[in-house]
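Asks: Dropping a structure here in structure tokens format, bear with me for questions.
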Amino acid sequence: MALKKAPKLFKTFFHWKLWKFSIIVFVFLVFLFLLQREVGVQDFKDEAGIEPVVGKKSHVLGLVLNAMNNIKGAKPKMQIKAPIRQTKVPGERHCLPGHYTPVELKPFLDRPLQDPNAPGASGKAFKTINLNSEEQKEKQAGEEKHCFNAFASDRISLHRDLGPDTRPPECIEQKFKRCPPLPTTSIIIVFHNEAWSTLLRTVHSVMYTSPAILLKEIILVDDASVDEYLHDKLDEYVKQFQIVKVVRQKERKGLITARLLGASVATGETLTFLDAHCECFYGWLEPLLARIAENPVAVVSPDIASIDLNTFEFSKPSPYGHSHNRGNFDWSLSFGWESLPKHENKRRKDETYPIRTPTFAGGLFSISKDYFEYIGSYDEEMEIWGGENIEMSFRVWQCGGQLEIMPCSVVGHVFRSKSPHTFPKGTQVITRNQVRLAEVWMDEYKEIFYRRNTEAAKIVKQKTFGDISKRIDLRQRLQCKNFTWYLSNVYPEAYVPDLNPLFSGYLKNIGNRMCLDVGENNHGGKPLIMYSCHGLGGNQKELCLHASKGPVQLRECTYKGQKTFAVGEEQWLHQKDQTLYNEALHMCLTGNGEHPSLASCNPSDPFQKWIFGQND
């Protein structure tokens with residue numbers, strides 16, 4: 001009897017085990033479906049969203065585990081644990097390991113093939129020679145209007161390429177990590193009565209060289225242009241590119257306000273500002289955005305190449321690298337360039353390393369949008385243009401950020417010898433802007449600037465530089481460092497004049513009643529001249545009076561700041577008898593003749609007597 005029932009019992013037991021196994025599989029599949037749905041729909045954009053999601057997952061897991069463990073006799077028992085999630089940094093996006101591939105960094109648009117013999121092809125010069133009378137008139141009109149050869153630009157393709165990638169090998173071979181991911185960017189281009197060809201070549205250049213996954217949009221900000229072709233015609237042209245938008249200021253407010261308008265409508269994670277007459281070289285964008293991903297408080301500029309204003313030849317980078325420059329400032333608060341100090345060259349291992357710069361030109365740079373807003377964007381009370389780049393340079397460094405130049409990022413720019421634009425209220429707005437930055441950021445060192453610029457001193461005395469209380473509050477809120485810290489830590493090479501000098505101002509000769517003057521286009525290495533005293537200041541080149549047996553010359557000062565010394569030829573004694581005595585050559589300065597020179601000291605000679613006078 002027992003033997004007859006055995007097959008039936010075995011069959012019943014087998015069905016029971018199969019039933020339990022089916023339940024296990026079903027419950028496990030339900031668990032996977034719920035878990036996948038939770039992961040798929042939840043976008044981990046901020047830390048606040050992590051806890052509820054993890055809680056939901058834990059609840060689902062608990063139900064599943066309890067159900068499975070309550071099924072007695074199920075073998076083997078299954079132990080399921082939720083995957084351990086790594087701690088998430090606020091603001092960090094989900095990213096994959098490894099590096100971006102060339103396919104992932106494919107440009108937004110493919111550049112059309114060009115005729116290698118076309119005007120300006122491959123970035124070559126287009127020389128306008130043998131023009132007929134009509135062409136000559138057109139060329140002259142373009143130069144007068146735009147201060148560059150618009151005739152040449154108009155005949156160069158909007159789509160021209162720049163030939164082979166001639167950057168150093170480490171730039172061409174540079175890989176970019178997927179984690180943290182490269183941020184998206186909004187390109188902001190401000191224009192006012194810009195030439196059609198230079199503006200549109202800038203736009204096309206961006207689209208042909210910027211990865212599609214990084215290029216969020218191109219925002220063209222019209223600062224009240226009056227040229228008709230920049231209105232409906234421009235709007236119609238950019239309709240073919242959904243990524244390009246035009247916003248307009250109804251009245252001329254200048255670069256600063258226009259950039260703030262562009263930033264206010266931008267949706268990218270970073271902002272990239274370009275001028276309206278640029279061309280971007282291969283791989284220009286990735287190094288800028290990679291540096292911001294690595295250091296969100298870095299404000300980064302490309303290596304700016306020159307586009308010749310006459311021929312539009314693009315000065316391409318060298319594959320062997322080259323000596324770089326960085327930004328500086330003088331005590332007239334003008335921007336300039338200088339070669340890198342030895343310690344900065346030593347710090348950098350190759351061309352992929354950023355260059356730290358005390359100031360930046362301010363026309364071409366990228367910055368995190370969040371950081372741009374946090375650090376105070378631009379001073380909204382500054383007018384039109386001028387001084388905003390020096391102000392931002394001081395502010396970024398003093399408030400915990402840093403300015404850098406990325407040599408592997410190359411952007412060409414048409415450098416003009418003068419501006420084609422007039423400014424409402426004239427150039428006084430620039431001086432007013434400079435006074436605002438000096439009052440907020442320079443502490444006691446602002447007095448050096450006021451001694452150099454009589455117009456600035458008047459603005460301060462009359463208190464016509466506007467309300468700066470918001471900018472002072474910003475400095476206090478961000479707990480920014482003082483200007484002494486900036487000079488000591490960011491720019492120790494700067495020449496800092498005495499805060500309380502024994503003498504300052506113009507240097508007037510008693511004999512001819514004329515003043516010592518730099519003269520035109522004297523950037524060092526040329527003699528000085530005697531010129532009618534005007535008391536306007538200007539021409540402050542941070543150069544030194546260098547004694548020699550012929551006419552004395554202006555030369556680059558051997559005194560460079562801390563731990564440096566001036567050579568004897570640049571050390572002068574203003575003696576009680578009003579002579580200027582050079583100890584190295586034991587001679588005195590005379591103003592007799594076309595150029596000041598040295599002569600045997602004669603205290604009775606009125607041409608050897610000099611007095612300092614304050615600028616009016």
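Glycine too: its Cβ is placed from the backbone N, Cα and C atoms.
These figures come from a predicted structure and were not determined experimentally.
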Asks: Which one of HIS94, HIS99, HIS413, HIS421 goes with ASP275, HIS277 at the Mn(2+) site, as Swiss-Prot has it?
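Replies: So the Mn(2+) site in Swiss-Prot includes ASP275, HIS277 plus, from the candidates HIS94, HIS99, HIS413, HIS421, HIS413.
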Asks: Of CYS515, CYS533, CYS588, CYS601, which of the disulfide-bonded residues has the most Cβ neighbours inside 10 Å?
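Replies: Per the Cβ count within 10 Å, the most buried is CYS588.
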Asks: I'm trying to understand the geometry here, so how far is the Cα atom of ASP517 (UDP-N-acetyl-alpha-D-galactosamine binding site) from the Cα atom of CYS533 (disulfide bond), in Å to the nearest whole number?
Replies: 9
Asks: Looking only at C-alpha atoms, tell me how far CYS588 (disulfide bond) is from CYS515 (disulfide bond), rounded to the nearest Å.
Replies: 16
Asks: Averaging the per-residue pLDDT over the region 'Catalytic subdomain B' (354-416), what integer do you get?
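Replies: Per the prediction, mean pLDDT sits at 96 for the region 'Catalytic subdomain B' (354-416).
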Asks: Within 10 Å of HIS534 (UDP-N-acetyl-alpha-D-galactosamine binding site), Cα to Cα, which of the recorded positions ASN482, CYS515, CYS601 are there?
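Replies: Of ASN482, CYS515, CYS601, within range: CYS515.
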Asks: Between CYS533 (disulfide bond) and ASN482 (N-linked glycosylation site), what is the CA-CA distance rounded to a whole number of Å?
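Replies: About 36 Å separate the Cα atoms of these two residues.
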